[in-house]
Amino acid sequence: MKLAYFCQILVFIILYSSSTFVTSQDSCSSNLVQIQFPIPFDTSSLLCSPVWPAHNFILRYAKASSDVWSFIFSIPLDKKAYAAIGFSKDGNMVGSSAIVGWMPSAGAGGMKLYYLGGKSQDEVVHDKGDLYIMNASFVPASAKLGYFIFQLKTTQPSSNLIFAIGPNGQFPDYPNYALPQHIDQTSITIDYSKGSTSGNSNLNLLRSHGVLNIMGWSILMIIGSIIARYFKQWDPTWFYFHASIQAFSFVAGVIGIICGLVLSKKLNTKVTHHKNIGIVIIILGFLQVLAVVFRPGKESKIRKYWNWYHHNVGRILIIFAVLNTFYGLHLGGEGSKWFLAYGVIIAVLVIIVVILEIRMRIIARRETPSKDNSSYPQAVELPY
């Protein structure tokens, strides 16, 4: 009897856990969860797309009439954060309109339309936007699953969609409904006729552009320059390390700039200053390559002029690269974590340069013969 009783309890726990899991997770292979309120449109012909698998965002939609589209956007509620779906003309966040929903407690939530006029909080305006929304509500389907239910009055909604998720426990509050900065976002292009998406290619291209340029033109380029200036006592090892790192940096940087140009063309964005600085950087990079190709011998009379040219063009390149990286992070709408991480890396490299520079000058001064010990003092050239 005790064993049978135990088995009954175990089966009940398994069934309860399974039902809870099913109602807390959504997928295109599962049916809509029955909710307390009737959905104000036909759901039998909805197409389904897993628009953001990383956060289990599911979008169902259908054309209800010639100028009305129906949507059900499902999100998990266990993150305790707002979620947003935006419709963009060009794939960018700025200039798009977004529907934002939040549910800080069971059954008590909010849903508003926002116009994303810029990247600062005061440029994100609630109850504004280009969307004509009808029959909108944000309802819980279960304790861990919520539905954005709405219709758009349009003949064809934009195929460029953006999604975002907010910080844990921070929601828009009455009366200003200021929207806290998101902690994660993505963008897709959707084919409404097939229910297929492009797989976030624009976001991947954006991240590739950023990472390659950060590593290539600034971080690795600085490390290669440090090796050339402060480690010449290990000849010729320093030269091979310097040449290899700078060559890899140049290739990565060129690929990164190409990614940026392709991205700019796909999104039809106007980032003139960022692009122009990038062109200057790549020209300086090619000038450095030419300098290596036409490097004069150590005994040549013009070697000192070549050294001056090679060193200063490299320094100008690095300065432009660091400034343009910070500017690019701003244009890309990256959060403060990216700025902080990159800033810390650059600060550490600057500190290392200062320490090595002081050390090199102290050593050079010690090795300079004093006037008392030599009637013919020799000038000591700082290594470059």
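If you go along the chain as it appears here, the first residue is 1 and each next one adds 1.
For all residues, glycine too, the Cβ spot is worked out from N, Cα and C.
The annotation signal peptide is assigned in TrEMBL to 1-24.
Within the domain 'DOMON' (55-166), the DSSP-based counts of helix, strand and coil residues read 4 helix, 71 strand, 37 coil. Residues or ranges marked as domain 'DOMON' in TrEMBL: 55-166.
This prediction places the mean pLDDT of the domain 'Cytochrome b561' (173-365) at 86. Positions annotated as domain 'Cytochrome b561' by TrEMBL: 173-365.
The annotation transmembrane segment is assigned in TrEMBL to 210-231 (among others).
Under the heading transmembrane segment, TrEMBL lists 238-264 (among others). With a threshold of 8 Å between CB atoms, the same-chain residues lying at least 6 positions outside the transmembrane segment (238-264) that come near it are 202, 205-206, 208-213, 215-217, 220-221, 223-225, 227-228, 231-232, 271, 274-275, 278, 281-282, 285, 288-289, 292, 321.
Annotation source TrEMBL lists transmembrane segment at 276-294 (among others).
Per TrEMBL, transmembrane segment is recorded for 315-333 (among others).
For the transmembrane segment (339-358), the list of distant contacts is 214, 218-219, 222-223, 226, 229-230, 322, 325-326, 329: same-chain residues at least six beyond its ends, Cβ to Cβ under 8 Å. Residues annotated as transmembrane segment in TrEMBL: 339-358 (among others).
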